[in-house]
Amino acid sequence: MKVGFARTCTLTLSLVLLLTGCWDTKDINKHYLPAVMGIGKGDSQKYKVILQIPIANEKTQILEKEAESISKAIDLIRTDSEKSIDLVHLRLMLIDIQLAQDGIGDIINFAVRANDISIKGLVSIVDGDFDKTLYHQISPTPEVSSYDFFSEEAGWTPNQSILRIWEAYRNQESLSEDMGIPMLKDGKQTLFTFKGTAVMRKDRLVGSLNQEETLLYNLFKGKYTGGTIEVAKNTSVLIEHAKVNHHTKWTEQGPFLQTDIQLNVVVTESPHGKSADIIEKDLSEKLSKQFDQTWKKIHSLKADALGIGLIFRPQSKEEKIKEWKTVWFPKLVQKIDVKVNILNEIYFKEKSSKQNEGDMLKRGTKL
Amino acid sequence: MNKYLLLTIFLLLHLAAIFTFFPDRIIASTSKGHWEAITLIFMLEIVFIWFYMNGLSKFPGETIVDICLRTIGRWGACVLLLPLVVFLMGQMVLLIYYQTSQIRAVLLQSTPTAATTFLFLVLCFYGAWKGLAALIHASIGLFVLFIPFILFSMLIGIKNFNFNYIFPVWDGTFSFLHHADFYICFTILSSFLFLGMIPQKERPVRFGRLAVGLGVVYVFGMGSVYIPLLVFGQESAVLLQYPMLMASDTIDLEWVVFDWLPSFSVVSSSGLAVLMASVLLWMSSSLLHQLLVPKLNIKWMVSMLSLLVYILCLFIPNIEVMNRYLQLNAFVSLFCVIGLPMMIFILGRWRGKKVST
């Protein structure tokens with residue numbers, strides 16, 4: 001009896017140990033949880049950090065400080081704010097284009113190292129007025145919308161590139177690929193307007209792709225669901241499926257890559273009487289040309305944003321992998337071949353070109 | 001004792017060691033052909049297990065302590081088994097330090113290490129107090145609790161795999177052999193030594209089943225190395241302290257209740273580490289108890305050793321020092337993991353001859 005009582009007492013008292021978990025605890029309503037962090041060039045100091053904090057009444061509170069390092073700036077914001085600031089729910093990092101030109105390596109390293117920032121957060125570059133974009137609000141603004149802009153489960157389309165912190169970290173360290181970061185500025189009706197993709201060499205911005213080129217960039221990387229391509233006036237197709245095949249070869253001059261892209265599309269819009277064959281032909285010619293131009297543009301920047309080094313990795317020896325970005329990528333020769341297959345025209349029957357000619361003849365005789 | 005119970009704890013102890021010491025060491029030890037290093041380690045382990053089990057089978061109903069005491073005397077037993085105690089204690093201290101610093105990094109950032117270590121050790125102390133039999137029975141519960149979490153946190157990254165990062169897949173020079181980090185991986189082999197602490201009539205598990213169990217462990221070992229490798233690539237994975245943990249943080253799933261997916265990985269790996277530390281604590285107390293002070297109650301030994309471990313844990317100032325100790329411990333582990341099974345095997349042979357003549 002006595003032993004049992006003592007045991008129960010010890011057991012109950014030992015629950016006190018669990019209180020160690022409440023060390024330094026702070027209530028949830030004493031927290032600011034920023035969703036967006038903007039990192040720009042300061043007026044007098046190296047960095048300017050702007051935090052967007054969603055608050056309960058559907059508004060966004062914005063806090064800003066300047067310092068020589070990011071964490072110092074956050075610390076200064078903490079000093080002045082009424083509540084504690086917790087970065088665990090940070091979802092989007094916006095970096096000023098001026099900083100990106102000097103290199104974002106330090107910023108990405110900070111984000112990976114800080115153990116309260118989740119590395120699945122998104123990175124993008126502000127191409128335009130940095131302050132205006134960060135202070136831009138459209139009402140009513142459900143706070144998450146800045147993140148939903150990119151979310152594949154919400155507002156993302158293949159016209160936008162997408163990059164997460166861990167991908168940025170991986171690609172800046174990687175021997176085989178560089179990265180493309182989405183660029184945006186404040187929008188008129190929406191929160192942001194997508195401007196294109198920044199092409200980075202290592203961690204430095206060296207050039208950019210526009211929206212159409214971004215679609216091709218995504219297509220090449222296999223992210224295409226729901227992309228619409230305009231073939232010509234009044235004619236557009238929707239990509240249903242894309243198959244990208246790479247044939248790699250090491251020649252004496254260097255690497256050679258033949259890429260075959262097979263697109264399965266449906267016609268969403270076409271002028272009356274334009275046959276599928278013609279659309280197919282137009283589209284594959286147009287895309288081949290565009291791909292070629294985009295590829296030349298990226299190649300001339302000497303930045304392997306398409307990650308071609310990875311495609312060559314299976315065939316390369318370790319020395320060649322190490323020299324990929326400096327020696328072999330500039331020597332790379334690439335040919336891109338696009339084949340288009342029109343699946344159907346959704347609710348319309350497909351017109352073969354022969355039938356079409358017959359139609360025209362009839363019309364001709366009537367006239 | 002049921003053979004499935006033993007296999008379960010065999011599996012869980014290996015998993016605990018793998019999630020603590022394995023991926024970052026293998027990734028650091030070589031830049032290509034990681035599977036060679038992993039395969040070599042597990043092939044060696046299966047050889048040692050065979051020697052160990054073969055040696056033990058010659059002494060039915062006896063543990064390694066009984067065997068040593070009877071065949072080579074108290075002094076011989078001390079020479080052979082005290083390094084094992086040192087190794088087990090070292091392993092335990094480093095395991096607890098690593099796990100608490102991981103908990104601190106991910107879950108409890110403002111809690112002092114002393115508090116987390118204390119809680120951690122209280123659990124281990126309770127486990128060791130109850131004895132090995134209770135731990136083996138508890139392992140079924142832990143298996144049911146944690147294996148789903150482990151599989152979840154391992155497989156969730158599958159969407160982010162980039163298979164081209166496997167390459168280069170062949171390393172003809174076996175460069176990992178020149179790397180200290182590779183030898184640290186030998187400490188995970190200690191997970192089979194507990195089999196010698198159970199008398200054979202309570203140990204109905206034979207070599208064949210253990211080999212199958214080790215096959216499963218091998219799959220997990222490969223997974224734990226290749227998952228971060230496929231997500232991050234060698235070049236950045238080598239820079240990460242907790243590669244597995246980071247790999248599970250790369251996933252953005254809006255439908256999961258918890259936003260912070262690495263917590264699954266931390267909770268499961270530290271849960272298994274509690275089991276492993278308890279077993280290590282029990283093993284070292286029981287060895288010391290039988291070798292030096294058989295008259296004292298073993299529970300005093302457990303209490304004293306856990307106090308010692310707690311103090312040692314607090315004395316490690318940073319992760320750099322932990323790495324240095326880990327390397328030192330790897331030397332001792334080579335002696336224990338290779339020397340002990342061989343010795344038991346030789347003693348077994350010896351006895352076999354004596355019996356037949």
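Including glycine, each Cβ sits where the backbone N, Cα and C put it.
The transmembrane segment annotation in TrEMBL covers B:38-56 (among others).
Residues annotated as transmembrane segment in TrEMBL: B:77-98 (among others).
Marked as transmembrane segment by TrEMBL: B:110-128 (among others).
Among the features that TrEMBL reports, transmembrane segment is placed at B:135-156 (among others). With a threshold of 8 Å between CB atoms, the same-chain residues lying at least 6 positions outside the transmembrane segment (B:135-156) that come near it are 1, 5-6, 8-9, 11-12, 15, 19, 127-128, 220, 223-224, 227, 244, 248, 251, 253, 261-262, 264-265, 267-269, 271-272, 275, 278-279, 282.
Panel annotation: around the transmembrane segment (B:176-198), residues 1, 6, 9-10, 13-14, 16-18, 21-22, 25-26, 28-30, 36-37, 41, 44-45, 48-49, 52-53, 56, 63-65, 84, 87-88, 91, 132, 205, 210, 276, 279, 283, 286, 326-327, 329-331, 333-334, 336-337, 340, 344 of the same chain, lying at least six beyond its termini, place a Cβ under 8 Å from a Cβ of the stretch. Taken from TrEMBL, the feature transmembrane segment applies to B:176-198 (among others).
Residues annotated as transmembrane segment in TrEMBL: B:210-232 (among others). Within its own chain, the transmembrane segment (B:210-232) has Cβ neighbours under 8 Å at 7, 10-11, 14-15, 18-19, 22-23, 26-27, 34-35, 38-39, 41-42, 45-46, 49, 53, 150, 154, 157, 160-163, 165-166, 192, 195, 240, 243-244, 246-247, 250, counting only residues six or more beyond its boundaries.
According to TrEMBL, the transmembrane segment annotation covers B:264-288 (among others).
Nonlocal intrachain contacts for the transmembrane segment (B:300-319), taken as residues 6+ away from its ends with a CB within less than 8 angstroms of a stretch CB, comprise 89, 92-93, 96-97, 100-101, 113-114, 117-118, 121, 124-125, 128-129, 241, 281-282, 284-286, 288-289, 293, 325. The annotation transmembrane segment is assigned in TrEMBL to B:300-319 (among others).
Taken from TrEMBL, the feature transmembrane segment covers B:325-347 (among others).
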Within this structure, do the transmembrane segment (B:325-347) and the transmembrane segment (B:38-56) have 3 or more Cβ pairs under 8 angstroms, counting pairs 6 or more apart in sequence?
yes
